[in-house]
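Participant: The GDP binding site feature in Swiss-Prot is assigned to 41, 43, 44, 45, 46, 59, 60, 206, 208, 211, 236, 237, 239. Per Swiss-Prot, compositional bias 'Basic and acidic residues' is recorded for 856-867. Residues or ranges marked as domain 'Dynamin-type G' by Swiss-Prot on the basis of sequence analysis: 28-294. Residues or ranges marked as domain 'PH' in Swiss-Prot (evidence: sequence analysis): 515-625. Residues or ranges marked as domain 'GED' in Swiss-Prot: 659-750. Sequence annotations record features per position, and here Swiss-Prot assigns phosphotyrosine to 80, 125, 354. What Swiss-Prot lists as 3'-nitrotyrosine is 125, and the listing cites a large-scale study or a structure entry. Per Swiss-Prot, region 'G1 motif' is recorded for 38-45. Residues or ranges marked as region 'G3 motif' in Swiss-Prot (evidence: sequence analysis): 136-139. As annotated by Swiss-Prot, region 'G4 motif' applies to 205-208. The region 'G5 motif' feature in Swiss-Prot is assigned to 235-238; the stated evidence is sequence analysis.
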């Protein structure tokens, strides 16, 4: 390793894993570890048991590992195990460890083969292990059993992906030697998440269970199916050995004997077996941790910074002792009052750019929604004239009137003024709704104190409801005042003498087309929604609304005018949204049943939000475009059908002049009333409702809270908030401790360099067999080339039968190469004769293809020269 500090890297990661496992998944740290993946019954758990030297993992048929097991091996003088979920309890009997794993698995997954991604953390202290951190994962399977869901294959795959996709996770791909390696589930998933092979280590199990005459030598030499980090072979205990109580110490000795005695593996014996695998994994994991420490430190620091902000908020709002609760309550009430005032009055700091504040919404109600509601009550022209004619006739009675009666004017005006009550009361209701919404927005900061938040909302809302009655009484009083006296001497009232003149002036204005003053009321983007697909579909244009017309342009530069529409005889109506449309639509139509735009009876205009629609409607009101009344069509049809009630055909010229005079007078006086109401309503609501509520919050809210009872009850935190605060504080301290520990580690040691890349394109080929079972790499001896006998002999001697064609040495015995001169990089030390550079003609380990190839002929000539 180079220094003691580097040897402590793996225990450091173990401590980090324990710390962050204890506080839950919120840490989301990519800690360095080794994930053991493989198919079902590939021998993953047996490899881990060999590491520990004890039987401690559940065994059986089918899927046995049903939850991830985070196994932390720690080199120690004493031997025992600890579970994270059983803190303080030491397990010295490893049979109890097995039972605890099974019991903990069943607690989460059930007893009938269910799986769960929640890991079990097990730490094993032993003098027989090296420092390692491994994760034993469920074996990949295809067919569900027991109560497993039909998608068990994908659930297990998703669980594996949670571990192996992390860049800091080494992948221990376990594959049995007695199955096709190219179809290995472990290597497939490793290739998918680690295409460069930088994190994958291959392990070949069940070498002793291969068919007689076959071996996996070329695979273990990393020649046939190469991996960048290579392969390591191990021999686990068979089920017979386990049933016979063969301990792992004896199994490791048998494994060592197997590699030393097997003719295909003895030259690799020093690089095979469980002890060597454990050593390699320790070295690789340590180097991997060293390489990933800088990134881990940066991630810890960034998480610490984000947590510090939240922890500071908890410090500001968390009273830890009863003496501070009163002070904290006072601070929160003051903060609530300030927030409420800022949302109503507006503020230059911390401006919300995503939605309108309460004050801005109330402003829209005062100056857009309320005027629109007033005009929606606009009287129908024909109905109004009919009512005026009836009033004049009824006032005259049996007599024929010579003058226009002013009582008809007063009767009609009072009837119209009474209609204003409904929009005024609706305006109060809308403002109250916005005030209550603003109160709830301001109390969001108190969500960690649910009792205080609930009580504060109740007190303020109750006060608003109390002021609602007082405000509505005052509004009704304003309407009654208007009804009490008709001020026909008002400076804005045209009077009887000017009524006829005004009618004549309006007619002249229409004919002359007054172009001297054109007031632009509104500009903005709108979408024409009802253009057919054949004509281009819906398009967005820049609209300009004036008192005379509505124009739209290609863009907001207003250079290319598309169309101009006069606002005379136009009205508004709402249009329902389409099935797939998210826009809000309103339409313009002509009251004289004419086409509005080209061959369209109505012009449908679309906005992104309902607020924009309301704002445009208010702008159209200023231009004299009023909304369609619900009963317009019905009343018009009734009037046409009822000929006796139609005054259009029965009015004499004198009555018609009188009706027109009264009509102008009513129009003039109602304009004065509407102007007065539009001016007084915001003032009344501000004085009686909004300002009064602000004053109540500043002066009386705290006293009302104190009168509710025990302040300690009000200041009780919610269980969820207390738990979250405790979790964040634990994580905060864990992150600080982790950064402190990492800062003390010396990471200057030179690690083993990464092996060079290899050609691993074989992983994409599904027909390559598992190991070097035969010279032709066939999975079964029956598929050998016909020129070579099918079975491998038990020794390195010549095989029976005639020598293959092209053999230069015939049946000569094998000639060992000189010590130290072998080109085989996997050979043993020089004092032991290395593997022959060339094979006798009957040895199928090299194959007839090598002897027939130019390379084989070159080796034959080299052998003759040495002889």
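Each Cβ is built from the backbone N, Cα and C atoms, and glycine gets one as well.
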Participant: Fewest other C-beta atoms within 10 angstroms of its own C-beta: which of the modified residues 80, 125, 354 fits that?
Facilitator: 354
Participant: Excluding the flanking five residues on each side, which residues at least 6 beyond the ends of the region 'G4 motif' (205-208) place their CB within less than 8 Å of a CB in that stretch?
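Facilitator: For the region 'G4 motif' (205-208), the sequence-distant neighbours (Cβ-Cβ under 8 Å, at least 6 residues beyond its ends) are 42-43, 46-47, 174-178, 215-216, 233-236, 238, 258, 265.
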Participant: Could you tally the C-beta atoms, other than its own, that fall within 10 angstroms of the C-beta of residue 236 (GDP binding site)?
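Facilitator: The Cβ of residue 236 (GDP binding site) has 23 Cβ neighbours within 10 Å.
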Participant: State which of the following binding-site residues has the fewest other Cβ atoms within 10 Å around its Cβ: 41, 46, 239.
Facilitator: 239
Participant: Counting only residues 6 or more past its boundaries, what in the same chain has a CB within less than 8 Å of a CB in the region 'G5 motif' (235-238)?
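Facilitator: Result: 43, 46-47, 50, 205-209, 246, 248, 251, 254-255, 258-259, 273.
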Participant: Run through the Cβ atoms and count how many others sit within 10 Å of the one on residue 208 (GDP binding site).
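Facilitator: I get 15 for this one.
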Participant: Whole-number answer please: how many Å between the C-alpha atoms of residue 46 (GDP binding site) and residue 125 (3'-nitrotyrosine)?
Facilitator: 18
Participant: Could you find out if DSSP has residue 239 (GDP binding site) as helix, strand or coil?
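Facilitator: For residue 239 (GDP binding site) - judged by DSSP and reduced to three states - the answer is helix.
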Participant: With DSSP helix as H/G/I and strand as E/B, how many residues of the region 'G4 motif' (205-208) fall in helix, strand and coil?
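Facilitator: Residue counts in helix, strand and coil order: 2 helix, 1 strand, 1 coil.
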Participant: In the predicted model, what is the mean pLDDT computed over the region 'G4 motif' (205-208)?
Facilitator: 88
Participant: Just to confirm: which same-chain residues, 6+ apart in sequence, have a Cβ under 8 Å from the Cβ of residue 44 (GDP binding site)?
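Facilitator: Those within reach of residue 44 (GDP binding site), by Cβ under 8 Å and sequence separation of 6 or more, are 36, 37, 38, 65, 136, 137, 139, 174.
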Participant: According to DSSP, which kind of secondary structure is residue 46 (GDP binding site) found in, if we only use helix, strand and coil?
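Facilitator: In the DSSP reduction, residue 46 (GDP binding site) maps to helix.
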